[in-house]
Amino acid sequence: MAKNEDLILTIDSDAEYDNISESSEEEAEEAVSVKSKKKNNNNNNNKKSKAGKHGKANLEEAEAEEDDDEARGEMNLDFQFSLGDDLNEIKDWEVEEPAKDIDLNEIIKKKRESKKDGNGDDEEDDGDEDEDASESEEDDEKEELKAAGKNGQAGDDDEDENEDEDEEEEVDTKEDLDNFYESQETNTSASALKSKTFQELQLSRPILKSLQQLGFTVPTPVQASTIPIALLGKDIVASAQTGSGKTAAYLIPIIERLLYVKNSTSTKAIILTPTRELAIQVHDVGRKLGQFVSNLNFGMAVGGLSLKQQEQQLKTRPDIVIATPGRLIDHIRNSPSFSVEDVQVLIIDEADRMLEEGFQEELTEILSLIPKQKRQTLLFSATMNNTKIQDLVQLSLNKPIKVSIDPPRTVASKLEQQFVRIRKREELKPAVLYLLLKKLEGRTVVFTRTKVEAHKLRIILGLLGLTVAELHGALTQEQRLANVKAFKNNVNVLICTDLAARGLDIRIEYVINYDMPKTYEIYTHRVGRTARAGRKGTSISFVGESMQDRNIVKNAIQFNSRSVARKIDWDEVEKIQTKIKLNEGAIEEVIEEEKQAREIMRAEMQLNKAENLMKYEKEIKSRPKRTWFKSEVMEHLTKHGKKVNAKKRKANEERKEEGKERSYKKTKADRTKLKTKAKSSSKKRK
């Protein structure tokens, strides 16, 4: 099979992970040199013939997989990124972490081999779970699923009550909100936009040429709705289903706008994303869409990659900067050659995800640095029924136009949702997961609630003989990219937390919810990793006894009829559970061995750091101290480095507002006098 077939056919693909991760393993000898815009233009032109060859091959592969379903007309399936291209500005970057790391696979392999020597052959017979499944179990689960579908309205009533409570807390009335938004509102169904083409959107030739070469001819609904409004310079609040092509929906109008801006050495557009991986994908898509535009430069400001190299790149004042919120603020404050004074367009991608990750303060700080009167703002969010989202919209946008494409709370039409009733058998979940993974053929993403659980599952499955990768916040940037590369190339199972729920754009056949998410919205984000662009996909969810899990199942059945109970051979599960219990000692040994190796590595890092501090002491001390906006706020609110609790902080703020702030510090004598006065006044009252 051709390597290109592994990628999903949407414009949001992350085709360049191979090149990034390969380069991150090598130490860069020099910092990124300052490139002129002319040189960048030549580099883009050198890629034309290469992209053309891959575009033709990908077009033929996409046509071979065409389906007659209506959904195929709604999504563009003629486009596919090529794995042969390079990321000019990222491939030689260093990662912030050292290349040295613990080889967990080797530790697991040794433990597995030692277990085999001690216990003999542990190979199990796969069996046929569909034939051996308990019929009574299946009937019970089917009846419960039917009942859940019938009682779906009851779940909605509960949600309506919660919504009423939220509405009571809000200060703004419906009339105020209506006045805040522009009168024009776009709420479009996919079928209404089938006939639209990019030519009808009146885009410039360089953009049309790049779209044509990439095989991208028919815009998705969100692109057809958003691009014309964005080209008018209006602010936009867009809500669309995950994987609907929103990356191109905001990149195309930005590039179109920059075509008519006179050459200037300043950054004109900033794109904010919640994760580094998504920022890398957006950078890749933008570079491909702008390959025929003269002197168009892209920059990145994300955590995990070398800070110095990013500073060198930002010195060139790239036209478009893709960033994560924290690193962008760091560069604005501490990189002297980088400025946001001339920014004309601000994109907030996956705003709901940013707020979930706790970036509210960072977003507020960025918005204060780029006043909304000077910029056009496009905000994209998968969900809008959130008070924090509404607050962010009012803070960041000026008379925005709403664009709502898909009906809320829906999942892809070709997704089959399967549910496994766990009941009170939580301890059997690893065994059930192993049984499923042995049966499934194709790439599978397993979602867990915590990174500790994800890591432990990797060890358990590894000791049982499965090769799996993990992706979560406890990993370094180098480890993340290496694991994504492995998942794309030779590993079929990726265990991850919600970090990757909206960051991966690799073709995935199965999504397993090992732990059910907290909300139905997060559930839709997770299962949205499969059944994309009109393809078929399957989600399998382990459902517990909590009301939270039950409500998610009710909503899933109500909004998608393709929901079934999956049959499980519980006798086979019990056998696998016995093996897992026998491996409990080995699991603890692997965790302990990994912990010791990590401590040794950390000690070596501290030693190297101390040596560097001594060796380069003068150079380090001569550098200006890096600042952070939160530190300055706390420094302003505290005295002599002492922490101020919320009660004292509020009292200090009230004194300032009333003009009663003390101009001196109370002495011991002052406090004694106050106590004496208080006692005398209390005696008089008596």
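Backbone N, Cα and C atoms are what each Cβ position is placed from, and that goes for glycine too.
Copied over from Swiss-Prot:
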| type | residues | note |
| --- | --- | --- |
| COMPBIAS | 17-30 | compositional bias 'Acidic residues' |
| REGION | 17-77 | region 'Disordered' |
| COMPBIAS | 47-56 | compositional bias 'Basic residues' |
| COMPBIAS | 60-71 | compositional bias 'Acidic residues' |
| REGION | 94-192 | region 'Disordered' |
| COMPBIAS | 120-142 | compositional bias 'Acidic residues' |
| COMPBIAS | 155-179 | compositional bias 'Acidic residues' |
| MOTIF | 196-224 | motif 'Q motif' |
| DOMAIN | 227-402 | domain 'Helicase ATP-binding' |
| BINDING | Ala240, Gln241, Thr242, Gly243, Ser244, Gly245, Lys246, Thr247 | ATP binding site |
| DOMAIN | 414-581 | domain 'Helicase C-terminal' |
| COILED | 586-666 | coiled coil |
| REGION | 638-686 | region 'Disordered' |
| COMPBIAS | 639-650 | compositional bias 'Basic residues' |
| COMPBIAS | 674-686 | compositional bias 'Basic residues' |
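Ala240 (ATP binding site) falls within neither a helix nor a strand when secondary structure is assigned with DSSP, and so counts as coil. When secondary structure is read from DSSP and collapsed to three states, Thr247 (ATP binding site) falls in the helix class. Sorting each residue of the motif 'Q motif' (196-224) by its DSSP state yields 16 helix, 0 strand, 13 coil. Across the residues of the motif 'Q motif' (196-224), the predicted structure has a mean pLDDT of 91. There are 25 other CB atoms within 10 A of the CB of Gly245 (ATP binding site), with all protein chains counted.
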